[in-house]
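Positions annotated as compositional bias 'Basic and acidic residues' by TrEMBL: 70-83. Look at TrEMBL and you will find 3-55 tagged as domain 'YiaAB two helix'. Per TrEMBL, the feature region 'Disordered' maps to 64-83.
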Amino acid sequence: MIYVALCWASVGICIGLLLFCLTNATLTLSEKGYYIMSFLLSLFGVTATQKNIRDLDHLRHQQEVNSHQHKLEEESSKKVQLD
């Protein structure tokens, strides 16, 4: 729970600092928009990558469980045939 709170706090601090610095910067509005969109797209990329890794790990775990169950079913069917 602490890790999640720290992650959200760091995201909030980053967004706050970005907005504060961009309001005080002497850049044109299009340059400020470029920096904001770059940051938001990088957040999207990180989130999408994390979700893909999580989903692939879950799929890998499910395949291991299914293969283990299949082996157990084969062994039990062999025992029944031998009896």
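Glycine residues also receive a Cβ, built from the backbone N, Cα and C atoms like all the rest.
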Within the region 'Disordered' (64-83), residues counted as helix, strand or coil by DSSP: 19 helix, 0 strand, 1 coil
Residues of the domain 'YiaAB two helix' (3-55) by DSSP state, where helix covers H, G and I: 49 helix, 0 strand, 4 coil
